[in-house]
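**Student:** Provided herewith is a single structure, encoded as structure tokens, for subsequent inquiry.
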Amino acid sequence: MSENGKTTHFGFKDVAEDQKAGLVHGVFTSVASKYDIMNDVMSMGIHRVWKDAMMDWLAPRPGQRLLDVAGGTGDISFRFLKRAPGAKSVVLDMTESMLVEGRKRAEAAQMADSLDWVTGDAMQLPFEDNQFDVYTISFGIRNVTRIQDALSEAYRVLKPGGRLMVLEFSQLPNPMMQKAYDLYSFNVIPRMGQMIAGDHDSYQYLVESIRKFPDQDTFAQMIRTAGFSNVKYRNLTMGIAALHSGWKL
Ligand SMILES: C[S@@+](CC[C@H](N)C(=O)[O-])C[C@H]1O[C@@H](n2cnc3c(N)ncnc32)[C@H](O)[C@@H]1O
């Protein structure tokens, strides 16, 4: 148990609350160099379609300032900057080796001038209030120990009129489809992780963590609780993933 006596989940395991961030950090340190290729293989490229759908709904505008939390290797920031001339992005992540991979990609794409890379925690952002036009978090929030704290921080650092958008795995509404999806994710993904990244356990955690994340309506309510208005969601690929949007008004 943690010093405050609280426990949380790490995949299907119960752990002390103050141990979870270290375990998540271990997972992403281990997978960082193979993260991008594994995303393409595991999702058969569909994560790209979901990230493009996120941009379609977000409609980035020239000159906006984006904070991309749990931004990892930079997928969301690169897409945002390509659609919004003169925009700037801060990619924040708690795993330095994910940011290192992202920086290499930014150099290769000659986008480094529009990007800052910051090591930090979604639950305690190292920024003043009212700084950003847009806050994104893509496939990151389910790994955060106290999700409600991260949402409150998102609200705090957004300017009035700013927008939150979350892309995350979600729940399929149909039990038959959920069963088929579980068969794939629990049997295939950890084995692929072993074959491609030499790491079965990290990918076992990833699929378990998807199951522990709240469903679409519950998560939408958590976003409202953090203070956001006009909260809406859209399912992607029948609910395998979902986009959630909210405004700081
Ligand atoms: C699955 S990756 C997502 C990367 C990228 N956003 C994408 O969509 O491809 C999840 C990232 O969340 C980061 N992360 C997890 N918990 C975090 C926290 N509390 N604060 C900041 N980053 C966190 C991990 O280090 C990891 O890089």
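In case you wondered, yes, glycine gets a Cβ from its N, Cα and C as well.
Pulled from TrEMBL, these are the listed features:
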BINDING   THR73, ASP93, ASP121, ALA122, SER138  S-adenosyl-L-methionine binding site
**Student:** Give the helix, strand or coil assignment DSSP yields for ALA122 (S-adenosyl-L-methionine binding site).
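**Tutor:** ALA122 (S-adenosyl-L-methionine binding site) sits in coil per DSSP, no helix or strand.
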**Student:** Just jot down the residues in the same chain as ASP121 (S-adenosyl-L-methionine binding site), at least 6 apart in sequence, with C-beta under 8 A of its C-beta; none if empty.
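**Tutor:** ASP121 (S-adenosyl-L-methionine binding site) has long-range Cβ partners ALA21, MET94.
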**Student:** Helix, strand or coil: which one is THR73 (S-adenosyl-L-methionine binding site) in, per DSSP?
**Tutor:** coil
**Student:** Among all protein chains shown, how many Cβ atoms are found within 10 Å of the Cβ of SER138 (S-adenosyl-L-methionine binding site), not counting that one?
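**Tutor:** Around the Cβ of SER138 (S-adenosyl-L-methionine binding site), 24 other Cβ atoms lie within 10 Å.
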